[in-house]
Amino acid sequence: MGEKQRKLLVLYASQTGNALDAAERIGREAERRGCPASIVSTDEFDPSSLPHEESVVFVVSTTGQGDSPDSFKEFWRFLLQRNLGNSWLQRVRFAVFGLGDSGYQKYNFVAKKLDKRLLDLGATTIVEKGLGDDQHPSGYEATLDPWMLSLWSTLYQINPKYFPKGPDVMIPQDELTDQPKYRILYHKQETLEPELMAESADIIERARGMSPGKLSKDKTKPDCFLKMIKNEVLTKAGSTKDVRHFEFQFVSSSIKYEVGDVVELLPSQDSSAIDAFIKRCHLDPESFITVCPRETVNNGSCGEVITHHVPIKLKTFVELTMDVTSASPRRYFFEVMSFYATAELEKERLQYFASAEGRDDLYNYNQKERKSVLEVLEDFSSVQMPFEWLVQLVPSLKPRAFSISSSPLAHPGQVHLTVSVVSWITPSYPYKRTRKGLCSSWLASLTPEQEINIPIWFHKGSLPAPPQSLPLILVGPGTGCAPFRGFIAERAVQAQTSPIAPVMFFFGCRNKDTDFLYKDFWESHAREGGMLSEVKGGGFYTAFSRDQPKKVYVQHRILEMRKKVWDLLCDGAAVYVAGSSTKMPCDVMSALEEIVMEETGGSKEMASRWLKALEKAGRYNVEAWS
């Protein structure tokens, strides 16, 4: 046993692909030091076999409100079983690396609770858990780089068999040791004609089903298509924001949804940019391809994959799966580019960018400027990367998620969205450029006359649809008001036939005259007999932060209404908080803590426990987005 080459298992749980990226990097760095590594998603690993592993590295991300990625949920449930006991993992050594955002209250919550649970089950840590932070100028890599060096040296001390030549000896990087993980097969067009009649939903499913960016259990076929029927600007002249109200109707079949649900929408990329990318990479847009994992090719089973994946036009594949116009490439992209650069200066610069020393300069050039893949390829014109590498390394085109602002009862056959059109100016002088959010600016450019079919997927968000008998305290500044427009519209319909519980709504924005979203809607419901009227036990409260010298926010209004808020909580009300600020949910929680302390005479800890119990009972729900 002692003589056997040691192997490292890297288990990851990723929601958007960052944890997968970090896991692959750890695996690559281990292999460059001579230690074989296998990289497996937690939903594709049998947790009952964990005690038989010798060394495991976990890479887990935490989403906004402390939630774990979908791919981690089953694995975590297994680890929580009471019968496992505190010596179940006594032979296992582990290390945890977390990816999170310190702007949120439950920063790296998943990594912290996994680390604790593994210790409880008898496992031993190799190194202290690493916590990557999105808020750091260089992102999670600022923590990952030093954490990995510590991991390698500690593993070597535990057993030199991990790195037969030592933890610092790297396989020479004069040539690219890695193989692309995907293989592109090209097909003769004449054999494919009947396939071209496929429905657009099938084409999307076909392209995204072959894409490396697909996280294992993703649904690739859209639930349905929507067609825009209204594009209205909600903000007034003088506002610093451009917020739109969009209305869509279902194309062909309707899908049932509930208030509080989230819709994911696949944006279209600028066709001239797609053409420029294809031209820059010397690709044939009209060729037909299938993409399959290299190991299936090597195992001779690619034939089976091909029967499963019908060929697709290369240009369509790029348009539907590869984000060439808005997402910045990863560090590994620059490393692989360096092997294909023929101009010496470009090669040196790319090698520097890919090194630990060049990390901050790469950040300033790439992420800070939000360079797109197309721009990077244009900056390094001597690089000719094979399409296999591009398919693997170009960030995948991701659907964008929005809270639904309509009610299926009040708006049958329709879906409404409230969207802030994202744009910003890049920081670097003299190249300051305006950047636009891919999805929001595309939606803003659409008109109902174009009759474009938009592919969408429905999801449950973190705001469960409330029964009409449940009193509500809603807090939704800015576009955070979106789901609550649906809540109120739904209750207005329900109120026609049966009694409904009271609703208090706290809305905030910068200026009353320019940013008061859905002003008429809220005010009509705050009037006599409306859903937000005092008569019905509710209320509508506004905080216009910039309309007076001292800034006023929703949490200040909550404190002003402390008596009524407390009475409603005692009547069994649920609290719903939504909005785009990372700080706002914490401030609202603090305001409520203060009210609980005051009304009960208890301590801060007691008030915090009281609100946590509310959360556990499903009566405190938060949906925040960065």
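Every residue, even glycine, has its Cβ placed from backbone N, Cα and C.
Features of the protein shown, as given by TrEMBL:
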type    : residues                                                   : note
BINDING : S14, Q15, T16, G17, N18, A19, S61, T62, T63, G64, D134     : FMN binding site
BINDING : R370, R400, A401, F402, S403, G437, L438, C439, S440, W625 : FAD binding site
BINDING : T479, S545, R546, K551, V552, Y553, V554, Q555, D587       : NADP(+) binding site
DOMAIN  : 8-152                                                      : domain 'Flavodoxin-like'
DOMAIN  : 221-471                                                    : domain 'FAD-binding FR-type'
DSSP residue counts for the domain 'Flavodoxin-like' (8-152), split into helix, strand and coil: 61 helix, 34 strand, 50 coil
Site with most surrounding Cβ atoms, counting all protein chains shown within 10 Å, from the binding-site residues T16, S61, S440, T479: S61
Per-region confidence, the domain 'FAD-binding FR-type' (221-471) (mean pLDDT, whole number): 89
For T63 (FMN binding site), nearby residues of its own chain (Cβ under 8 Å, 6 or more apart in sequence): Q15, P69
Among A401, L438, V552, V554, the most crowded of the binding-site residues [Cβ within 10 Å]: V554
Sparsest-packed among the binding-site residues, when each Cβ's other Cβ atoms within 10 Å are tallied, from S14, N18: N18
Cβ neighbour count within 10 Å of R370 (FAD binding site): 15
Using Cα positions only, nearest of the binding-site residues to L438 (FAD binding site) (T16, V554, D587): T16
All-chain count of other Cβ atoms within 10 Å of S403 (FAD binding site): 27
Cα-Cα distance linking D587 (NADP(+) binding site) and A401 (FAD binding site), given in Å to the nearest integer: 24
Proximal residue to S440 (FAD binding site) among binding-site residues S14, T16, N18, R546, D587 (C-alpha distance): T16
